[in-house]
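Q: Pasting in a structure now, in structure tokens, and then I'll have a few things to ask.
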Amino acid sequence: MTAPAQPALLVLEDGRTFHGEAYGAAGETFGEAVFNTGMTGYQETLTDPSYHRQVVVMTAPHVGNTGMNDEDPESKRIWVAGYVVRDPARVPSNWRSQRSLDDELRAQGVVGISGIDTRALTRHLRESGAMRVGISTVETDPAKLLEKVKASAEMTGANLSEAVSTSETYVVEAQGEKRFTVAALDLGIKDMTPYRMSERGIEVHVLPATASIDDVLAVQPDGLFFSNGPGDPAATTGQVELLQEALGRDLPYFGICFGNQLFGRALGFGTYKLKYGHRGINQPVMDLTTRKVEVTAHNHGFAVDAPRDTATETPYGVATVSHVCLNDDVVEGLELRDGSGALKSFSVQYHPEAAAGPHDAAYLFDRFVQLLEEKA
Ligand SMILES: NC(=O)CC[C@H](N)C(=O)O
């Protein structure tokens, strides 16, 4: 006999209400409701710091089947503010599983809800756009929960990277012979990213989000990297100025996701909020130089506003859009070249570290190494 399920309530900012069952920790939570279409990789999703303050709805109908292990997390904790699933696995089954997802959510105090028609919820978010949401196992009155949702923090204008960043610098050593040193600003970095660099002979110094240009130069870097991270790129100023100083000193730069948005801002472009964002592991992106299409992992709710077909003169060189998403033509990559056409810096909006996701975009780490080689 299993204990009767505890009811839980989900209320969206526009009043749409779903009734489900408590999943993970009991309690109440608020955040921006977003959906992720990945059929695998829930452990990487949960521990991706970019999901800070977001309630993630999984479109995969059955979640938790392979349990949780100590190898796959992308950071030290679960960052999602809440978790919405349709049908959780009652018994995880995988040779690597160490505990159940339900137990892990509970141990980390993450409030979730199950038994939700996640298809209906996702269609609603697609039609009406990402919005605030509340989940509660204690409030039974939707109107009262709605009031709290409306009083909760918005994602637009939120500056969150410092809240998730490391407080101390740490070093990820190069595997094999050390070839280069890179200063990586942790705006919410996923562990796989420095790992992908270390595999290529890069010693990665992961710096706090508050690092100054002097902190960056102190590690005598061959290149600079800005990671993914939560929040609104338009609400970030210090890191944009840091990047501009580095570009002014001709330091080669590579950025991923938030690092692409801040690169865009450093080059003078704006950013804007997408209606419901891209979150999943099968998003088609075209490299506009080679016209090759790659299938990629995404997690972004904002994007860079830059012209597709014309180059833009900036104080640091000539900037162009290098990649676009084939679903909606959103900018997925930027390049900066000097007057002779040589690559100086670049960034992508998607996730070449691919945790979780396909490895089509791994070449971008090789491109960074090539850039460091050319500069050496
Ligand atoms: N993964 C990321 O770096 C996300 C960047 C930004 N917070 C966005 O939602 O667009």
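Each residue, glycine too, has its Cβ placed from N, Cα and C.
Automated prediction, rather than curation, is the source of TrEMBL annotations.
Not my notes, these are from TrEMBL:
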type	residues	note
ACT_SITE	C257	active site, nucleophile
ACT_SITE	H351	active site
ACT_SITE	E353	active site
BINDING	S50, G229, G231, F258, Q261, N299, G301, F302	L-glutamine binding site
DOMAIN	6-136	domain 'Carbamoyl-phosphate synthase small subunit N-terminal'
REGION	1-180	region 'CPSase'
Q: Can you give me the same-chain residues 6 or more apart in sequence from C257 (active site, nucleophile) with a CB-CB distance under 8 Å?
A: S50, S227, N228, G229, N299, H300, V348, Q349, Y350, H351
Q: Can you tell me how many other Cβ atoms are located within 10 Å of the Cβ belonging to H351 (active site)?
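A: That number is 28.
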Q: Please report the distance from the Cα of G231 (L-glutamine binding site) to the Cα of E353 (active site), rounded to the nearest angstrom.
A: 20
Q: What whole-number Å value do you get for the CA-CA distance of G301 (L-glutamine binding site) and E353 (active site)?
A: 19
Q: If I take the alpha carbons of F258 (L-glutamine binding site) and E353 (active site), what is the distance between them in whole Å?
A: 14
Q: My understanding is the cutoff is Cβ-Cβ under 8 Å with a sequence separation of 6 or more in the same chain; which residues meet that for F302 (L-glutamine binding site)?
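A: Correct list: D232, P233, A234, Q261, T271, Y272, K273, L274, G277.
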Q: Output, ordered by sequence, the same-chain residues six or more apart from E353 (active site) with a CB under 8 Å from its CB, or 'none'.
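A: The answer is K190, M192, T193, Y195, R196, I256.
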Q: What does DSSP call G301 (L-glutamine binding site) in the simple three-state scheme?
A: strand
Q: How do the residues of the domain 'Carbamoyl-phosphate synthase small subunit N-terminal' (6-136) split into helix, strand and coil according to DSSP?
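A: In the domain 'Carbamoyl-phosphate synthase small subunit N-terminal' (6-136), the DSSP-based counts are 26 helix, 50 strand, 55 coil.
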Q: Helix, strand or coil for Q261 (L-glutamine binding site)? Use DSSP.
A: helix
Q: G229, G301: which of these binding-site residues has the sparsest Cβ neighbourhood within 10 Å?
A: G301
Q: Just counting, how many other CB atoms are there within 10 A of the CB of F258 (L-glutamine binding site)?
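A: F258 (L-glutamine binding site) is surrounded by 31 other Cβ atoms within 10 Å.
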Q: Looking only at Cβ atoms, how many others are within 10 Å of the one on N299 (L-glutamine binding site)?
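A: There are 29 of them.
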